[in-house]
Amino acid sequence: MSRSAPRIKNRAPAPIQISAEQLLREAQERQEAPASAPVQKIEDYEELEEYRGRRRSEFEDRLRRNGLNMSTWIKYASWEASQGEMDRCRSIYERALDVEPHHLPLWLRYTEQELKMRNVQHARNLYDRAVSILPRIDQLWYKYVHLEELLGNIPGTRQVFERWMKWEPEEKAWHAYINLEVRYDELDRASAIWERCVTCHPVPKQWIRWAKFEEDRGNLEKARIVFQMALDYIGEDEDAMEKAQSVFTAFAKMETRLKEYERARVIYKYALERLPRSKSEGIYSSYTRFEKQFGTMNSVEDTVIGKRRIQYEEELAAQEAGGAPADYDTWFDYSRLEEDAYRALLATGGSQDQLQQAVKRVREVYERAIAQVPSSQEKRDWRRYIFLWLRYALFEEIDTRDYDRTREIYKAAIALVPHRRFTFAKLWVQYARFEVRRLELTAARKILGAAIGMAPKLKLFSSYIELEVSLKEFDRARKIYEKALEWDPTNSQTWVRFAELEKNLFDTDRARALFELGVGQAEGGEASGGLDMPEIVWKAYIDFEFEEREWEKVDALYERLLAKSGHVKVWISYALSKINRATAIEEDEDEEDDDHDHDDDMAATPSRELTEEEEALRQQRRSALASSAREIFQRAYDNLKSRSLKDERVALLESWKSFEQQHGSAETLSRVEAKFPRVVKKRRQVEDSADGAMEEYYDLIFPDDQDEGKGAFKLLQMAHAWRAAQAAKEQQQQQQQSSSAETGASASAGAGATGDDVRDEESIGIAIDDDQEQDASGEEA
């Protein structure tokens with residue numbers, strides 16, 4: 001008996017088809033409804049007491065089973081509080097604290113419950129007990145001092161802070177204590193606390209904040225003493241000074257604010273002399289800024305800037321003399337130099353006259369630069385020129401804040417561009433965004449509308465839509481999308497974004513209608529212009545229906561797309577969507593379970609495990625969808641085979657194999673692997689070759705292609721055998737005729753032949769017999 005799988009002669013579909021929908025419907029019908037708890041209605045006091053007793057028994061049973069679960073204690077106590085039984089509530093909390101006194105949420109819920117019931121003294125006592133047991137938990141201390149301050153007990157608040165400070169807490173705790181004293185104008189107390197704080201946390205940031213505190217309260221000598229204490233603590237160790245560079249910088253800046261420039265210079269030099277240049281970048285940069293403002297560094301900086309100005313002027317003069325087109329890179333560098341000089345002067349606190357002169361120089365450079373209008377009408381020559389206008393407008397808006405001048409710059413740039421030949425969307429968009437920043441929304445809309453009417457571009461539509469969506473003007477955004485589609489209905493991105501807008505607005509009908517219009521545009525072909533990238537619209541449409549869990553529509557879309565293109569990637573995506581459908585359904589079920597099981601105590605509530613029935617249902621669903629995916633893979637394979645697309649068949653088999661490795665069995669995987677082709681080397685004639693040259697090439701031979709070709713191969717083999725037999729028969733007849741002629745000639749030679757002649761005749765006869773035997777053997781063959 002043959003062990004091979006039986007050959008299927010009838011490949012027609014079965015008369016009764018079982019679909020995945022029927023399987024799911026039958027499983028749903030057989031599923032039993034979950035049992036629901038009956039609704040209780042309390043009619044009188046006795047029923048209420050019975051209900052309370054039953055609930056208490058339930059809680060006590062839970063605690064007996066697991067008394068270490070603090071969430072059960074908290075729920076029990078909260079329930080007693082909701083019943084108005086505060087004594088029982090306190091008793092439960094105290095029992096819980098006996099079990100686990102170091103559980104922070106227990107203390108917090110206990111104190112919150114007391115404060116909710118306006119039992120302030122109880123809350124105080126609880127906080128006192130809590131900070132005694134958990135002194136390292138800052139949250140308890142913060143709540144304790146906040147309660148005391150709310151009650152107006154400032155001395156009590158100080159006592160709590162003093163108890164807290166004995167534990168040397170973090171810096172924020174010390175700052176909270178200091179802020180308390182500052183709020184009640186106890187600055188001397190705050191200064192004393194600062195001294196204790198830097199003793200506990202002697203880091204540079206604390207020294208600086210203490211000195212700033214003393215400076216703000218007007219005690220400048222105390223501020224200097226603080227910095228001197230900090231420098232004494234730091235010492236002259238190189239590593240310590242490197243970490244404390246901010247202390248030296250803050251000390252010098254304070255002296256600068258007090259106009260003690262020599263003191264500040266001495267501090268900078270003291271630090272720079274003791275630190276190498278590689279480790280003193282921060283101090284050196286501060287010292288450079290200081291000298292620029294108050295020392296001789298200003299003249300040095302002015303000299304450097306002056307030399308660079310002369311260099312740029314010489315380059316520009318050489319370009320004008322040579323008649324070469326304008327080099328906008330030089331103008332960019334020149335304008336950047338003047339802008340940096342203005343910003344440096346502004347940062348160092350230059351006088352008003354100096355700032356005005358710097359602004360005047362920047363404007364002069366920009367005006368000279370934008371006067372170099374390109375002579376050609378090619379967009380590539382205008383691109384960098386337009387960026388000069390944009391930088392000029394940004395300088396006026398951000399640095400000088402001359403908004404009227406900024407608006408005039410944008411208008412002049414737009415008037416200069418030949419919009420009939422080309423336009424710059426960035427220029428229009430930046431102008432509109434400027435008006436938005438000035439809260440001139442109407443002007444921004446007019447600008448973008450004029451841009452679209454004068455020279456429509458996709459970026460202009462996108463920016464206009466982005467503006468309206470950010471302003472929540474969705475109706476306006478819809479109108480702009482409609483205008484964009486009227487202008488260019490072949491743009492796939494516009495269709496997709498329009499539909500995504502409707503989807504985000506939860507208008508699925510409009511989104512689906514837009515996708516249908518986009519697909520219809522793609523299916524229209526040359527008559528309607530088609531789409532530049534129709535696959536984007538199809539993919540977005542399918543993903544949309546998949547997210548909406550419209551499985552029938554997903555299948556219908558795939559079938560439509562396959563009827564149109566039949567690409568192997570579409571087949572693969574169609575097949576994999578079946579198994580992805582099972583994952584999506586399971587995720588939806590898990591989300592529904594999470595919504596039902598949601599509770600305030602997220603950490604204490606374990607995730608729900610699936611029952612055996614639910615697990616079996618999911619497994620059954622996955623198996624059904626996996627079978628559907630296999631059917632699609634088989635359809636795809638047959639389709640590609642009929643179209644003789646070998647490379648696409650290999651790609652399909654690779655995806656099919658990966659699918660079976662994840663979701664199939666060893667049997668299904670072996671079936672797919674058996675379909676893989678083998679590579680063979682063949683020869684063929686070179687195209688357009690006059691001498692009939694041959695070339696070798698590699699071809700893919702599929703097993704099922706070989707099986708179908710076996711019948712034709714046998715017929716051809718029989719034809720070759722018949723032809724060979726006919727040729728052998730003709731050759732035998734010719735040999736027989738020649739041998740009979742030779743025999744007659746030897747007989748007429750005479751009877752008086754000698755014995756030698758007889759021997760020769762016998763040898764001839766033997767040779768003839770050998771020839772006859774050879775012919776017979778050839779005929780049989």
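Just so it is clear, glycine is given a Cβ too, placed from its N, Cα and C backbone atoms.
Taken from Swiss-Prot, the feature compositional bias 'Acidic residues' covers 586-602 (among others).
According to Swiss-Prot, the compositional bias 'Acidic residues' annotation covers 768-781 (among others).
Annotation comment: Swiss-Prot describes 586-621 (among others) as region 'Disordered'.
According to Swiss-Prot, the feature region 'Disordered' maps to 724-781 (among others).
Per Swiss-Prot, repeat 'HAT 2' is recorded for 84-116. Mapped onto DSSP helix, strand and coil, the repeat 'HAT 2' (84-116) counts 27 helix, 0 strand, 6 coil.
Annotation comment: Swiss-Prot describes 118-150 as repeat 'HAT 3'. Per-residue pLDDT, averaged along the repeat 'HAT 3' (118-150), amounts to 92 for this model.
Long-range Cβ contacts of the repeat 'HAT 7' (259-293) within its own chain (Cβ-Cβ under 8 Å, at least 6 residues beyond either end) map to 236, 238, 241-242, 245-246, 248-249, 251-253, 301, 344, 347-349. The annotation repeat 'HAT 7' is assigned in Swiss-Prot to 259-293.
The repeat 'HAT 8' annotation in Swiss-Prot covers 308-340.
Residues or ranges marked as repeat 'HAT 13' in Swiss-Prot: 506-547. Non-local neighbours of the repeat 'HAT 13' (506-547) in the same chain are 489-493, 495-496, 498-500, 553-554, 557-558, 560-561, 564, 573, 577, 580-581, 584; each lies 6+ residues outside the stretch with a CB under 8 Å from one of its CB atoms.
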For the repeat 'HAT 7' (259-293), give the DSSP counts of helix residues, strand residues and coil residues.
30 helix, 0 strand, 5 coil
DSSP residue counts for the repeat 'HAT 13' (506-547), split into helix, strand and coil:
34 helix, 0 strand, 8 coil
